[in-house]
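Residues or ranges marked as domain 'Major facilitator superfamily (MFS) profile' by TrEMBL: 35-480. According to TrEMBL, the feature transmembrane segment maps to 35-57, 77-97, 109-129, 135-152, 164-184, 190-210, 293-315, 327-348, 357-379, 391-412, 424-444, 456-476.
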Amino acid sequence: ENSEQHKDDAFREIIASCRSLSKYETNIKSALPQILSAIVAASFHIVIGISLAYSAILIPQLEQPGSDIPITKAQSSWIASIIVIMVPIGSLVAGVMMEFLGRLNTIKLAAVPCVAGWVAIALANNFTWIMVGRVLTGFACALGTSPAIVYITEVARPDMRGSLISSGPTLASLGMVIAYAKGAFMDWRLVSWICIIYTIVPVLLIQLFVPESPVWLVSKGRIEDAARSLRFLYKKYPQPEHTDQPLSEMHLNALLKERETKLAEAQKNVNRHGQQQSKLRGFLKPTGYKPMIILFWFFLIQQFSGIYITLFFAVTFIQDVGTEVNAFTASIFVGLTRFTMSLLNAWLLKRFPRRQLVMVSTTGMAICMFVSGLFTLWIKEGTTTLTWIPVVGLLLYVCSSMIGLLTIPWTMTAELFPTDIRGIAHSISYSMANLLMFFAVQSYRTITDLLGGAYAVQWMFAVVSVIGFFFALFFLPETQGKSLAEIEAFFAGKSQPPRITAEPAAKPSVTEHLIRSPSREAKLKEVELMLKNKNGA
């Protein structure tokens, strides 16, 4: 009886603490340090967006008559695509560096090759030095992306994690707008010099205002530094009631416990010879190779539907359609469209099923590219004066792509794979996607020449988009609202994941009732009522 009373007292304290936590779980003000830290850490994405879009303003200026560095069409394709091929290499290096140096230090270090790359481009006197600059900036882009996402994942509270992670792509879209806008009014060399500022400022902000990830600090045994980081991240949170332990110390203890658990799990995964068990078996199972095959075709459709080709060749693409609209000005609207839609993307992914979004996205893209290609042909033949329609078609095409086909393949690289191979499978699929992007961007000028003009390329984009519609209809699995276990069971050929069943108890205790509760907010009052009735009895 004394033991049961002690349990009841303990659960009263838990209920009081949970009620205290519920007061600020959805309070934005209490999460301001986390929001600030996440956005500042992601601010390096601005220069990443500029780097991706820079070829769109660089290539047309170099191809103009009288350019001090004349280039061929083949060279322009390399200028646009070389940055993509550096992403898998940079991501691999970043994965190693952020484990040894920390998340934020890796981002800071990414500024070194980035600044060197912009200086090389600004001072370039031939094609080779431009390529050197693009290689360095491409490597820096990959080096600064992964640590920022990992950092946000580790410091953001669960209900805001998705939104804060999406701040990275949103800031990258903002960087694209900046690149297009500056390219419309400035020489490409001046833009390169200015980009150094966009590289250094995020590093200074990180150094001055953002603490290192407490998860990484704990993993390195730097407990005092982790405590200081937690005190900053949770300084606006009220302390839990009925406990003598500050909130930062509670989180620190949780991190230490998590570290011990991970070390124990890692020890279990090491065989008797001291080597980790091979993960190759995971890729030989349906849960491994089926998602990889689906993602290969998904990314192949994404790349050759023209999404990234129109990003890297925005100004050139608009010039090729024969419109009278200023291509540099139109590219600014393309960037603004991407930025605006990126703000809506998190809401769309949360509210609507993945397959429906992809089907709507590919349908809109196909219609826009078909109509735009048709008017491009009529402009070429001189049978229409509505030269603005291809530009409007491109903007609507960008809107449609942002609904699903641009974003969803990237989110599925983490969703489709089982836990035991998710890390390496994500890296492989991410590298595969960037290689496909390289081939798509690299082949744009060749495809244009083979098909006979911009109108035919747009119709090719429309056809690939239609293929994407039927791919989503017949082959793409639905992951929205499903647990990772349910997704794994789908690929394993099971109707649902295995569930652990137990014999029903005659009468659940207070402890069992709280553990089984699917919703804390709904069940806390019921537990309190049980305690009250029990004491009354």
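Using N, Cα and C of the backbone, Cβ positions are placed for all residues, glycine too.
When each of 35-57, 109-129, 190-210, 293-315 is checked for Cβ pairs under 8 Å to the transmembrane segment (391-412), 293-315 comes out on top. In this chain, the transmembrane segment (424-444) lies in contact with the transmembrane segment (293-315); the count of Cβ pairs under 8 Å, excluding pairs fewer than 6 apart in sequence, is at least 3. With a cut-off of 8 Å between Cβ atoms, the residues of this chain six or more beyond the transmembrane segment (357-379) that come close are 305-306, 321-323, 348-349, 386-387, 389-390, 393-394, 396-397, 399-406, 408, 453-459, 461-463, 465-466, 468-469, 472-473, 476. Between the transmembrane segment (135-152) and the listed ranges 77-97, 164-184, 327-348, 424-444, the one holding the most Cβ pairs under 8 Å is 77-97. The stretch with the most CB contacts under 8 Å to the transmembrane segment (327-348), chosen from 77-97, 109-129, 164-184, 190-210, 424-444, is 164-184. Same-chain residues lying 6 or more positions outside the transmembrane segment (424-444) and placing a CB less than 8 Å from one of its CB atoms are 77-78, 80-81, 84-85, 87-88, 91-92, 95, 279, 282-283, 288, 291-292, 295-296, 299-300, 302-304, 308-309, 312-313, 409-410, 413-414, 417, 457. Note on the transmembrane segment (164-184): residues 34-35, 38-39, 42-43, 45-54, 56-58, 61, 145, 148-149, 152-153, 156, 190-191, 194, 198, 311, 314-315, 326, 328-329, 331-332, 334-336, 338-339, 342-343, 345-346, 407 of its chain, located 6 or more positions outside it, place their CB under 8 angstroms from a CB of the stretch. Sequence-remote contacts of a segment are chain residues at least 6 beyond its ends whose Cβ falls under 8 Å from one of its Cβ atoms, and for the transmembrane segment (190-210) they are 36-37, 40-41, 43-44, 46-47, 50-51, 54, 57, 104, 107-108, 111, 114-115, 118-119, 121-122, 133, 140, 175, 178-179, 182-183.
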